[in-house]
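So that you can see what the record holds, here are the features copied from Swiss-Prot:
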BINDING   13-19, 41-43, R306, 332-334, 415-417  GTP binding site
BINDING   D14, E15, G16, K17, N39, A40, G41, H42, T130, R144, Q225, T240, R304  IMP binding site
BINDING   D14, G41  Mg(2+) binding site
ACT_SITE  D14  active site, proton acceptor
ACT_SITE  H42  active site, proton donor
BINDING   A300, T301, T302, G303, R304, R305, R306  substrate binding site
Amino acid sequence: MGNNVVVLGTQWGDEGKGKIVDLLTERAKYVVRYQGGHNAGHTLVINGEKTVLHLIPSGILRENVTSIIGNGVVLSPSALMKEMKELEDRGIPVRERLLLSEACPLILDYHVALDNAREKARGAKAIGTTGRGIGPAYEDKVARRGLRVGDLFDKETFAEKLKEVMEYHNFQLVNYYKAEAVDYQKVLDDTMAVADILTSMVVDVSDLLDQARQRGDFVMFEGAQGTLLDIDHGTYPYVTSSNTTAGGVATGSGLGPRYVDYVLGILKAYSTRVGAGPFPTELFDETGEFLCKQGNEYGATTGRRRRTGWLDTVAVRRAVQLNSLSGFCLTKLDVLDGLKEVKLCVAYRMPDGREVTTTPLAADDWKGVEPIYETMPGWSESTFGVKDRSGLPQAALNYIKRIEELTGVPIDIISTGPDRTETMILRDPFDA
């Protein structure tokens, strides 16, 4: 029996985590976000109604679930208020279902200004951030000058700390980036206007999770972005600013690391990436266009067209190692319907001619890397909405089996459409 289940992306994000978290929370009492910020974009489709969440955990739509934003998440008060209002306008009582860690760093207007000023200054070498202030907020946290949710309990001290940190950042904005200064009074007024709402949701998350563990409650930890965007283990510097791997669960929520029972890796049946950075299996031909169109590969947060390519099992094996994956959930299998053949990257050819089956680390080391493919027959039959494994074409079953063989991890869940009902649960993580 797995009480603490982690759901995370095994690629570069956009694997379809939100739907799976929402589906599995039928049995959960708590859903916890432990890293990232409102740069995430989790799309849920329930009874045909689409909901996109960026900051609030995907369990918020269920009345039996308490959603928690852990200390590893950088929290934008304005983004949270906007998201809360959208949900409350639809009759969802967010304030009754959402709790926050007081250790969450705040994202304020000057973080956004810095993020955008830096990307502009980088020009052609831009990282491709979402421009939401995520990186600068994490920088402030590590530099120990960041303001946190808990600082809002003492409004007078908060105002003093804010003045100090804004003088520092405005100096950089004006003198180095030649950008406009951010108005201190506006930031203070905007934050004070929502301070009481934020502090009313504060709880000791680590203690709450430990009590839940002792009671035997089911807890779901919801990852954002994907393994290959991890600040330490991803394609640095083309990465996000947090630990997207399973190790981030303990540090970003306060759960003891030995208490993680099952790690579910969400695996898209092909590969996508947003923004700059290495992508060995990227396709620039009509197949790449087909995957983009069929998969509706446009970012939920930015609306940017995603880069598309074949599934890279070399990179996925790295995700298996980093996360000690228990099982996969394979998503978007239906996007491959109609292709005459499908390919799996099984190794890389390095610039010096060597064949390797492990990924390079730094982005520069990926230069000149060529994918080595295994080609399999495709299938013409539709897999969309199929709810039983026996209803899948043999060629699709062969593709699934080969992924399991190449990665050494079982596919426990298969998703065949965006709705939560269009799913085959072969092994429930909470029963594993």
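In case you wondered, yes, glycine gets a Cβ from its N, Cα and C as well.
The full span of the recorded IMP binding residues, D14, E15, G16, K17, N39, A40, G41, H42, T130, R144, Q225, T240, R304, taken as their largest Cα to Cα distance, is 34 Å. Inclusion criterion for the binding-site residues T130, Q225, T302, G303, R304: a C-alpha placed within 10 angstroms of the C-alpha of G13 (GTP binding site); this criterion is met by Q225. Neighbour counts were taken as the number of other C-beta atoms within 10 angstroms of each residue's C-beta; across the binding-site residues G13, G16, G303, the minimum falls on G303.
It is 17 Å from the Cα atom of K19 (GTP binding site) to that of N39 (IMP binding site). The two recorded residues G16 (GTP binding site) and N39 (IMP binding site) have their Cα atoms spaced 15 Å from each other. T302 (substrate binding site) sits 24 Å from L333 (GTP binding site), taking the C-alpha atoms as the reference points. Around the Cβ of H42 (active site, proton donor), the number of neighbouring Cβ atoms within 10 Å comes to 25. Taking the Cβ of L333 (GTP binding site) as centre and 10 Å as the limit, one finds 24 other Cβ atoms among all the protein chains shown. Classification of T43 (GTP binding site) by DSSP places it within a strand.
Reduced to three states, the DSSP call for R305 (substrate binding site) is strand. Listed in sequence order, the binding-site residues from G303, R305, L333, T416 having a Cα within 10 Å of the Cα of D14 (IMP binding site) amount to none. Taking the Cα atom of each, T130 (IMP binding site) and G303 (substrate binding site) are about 10 angstrom apart.
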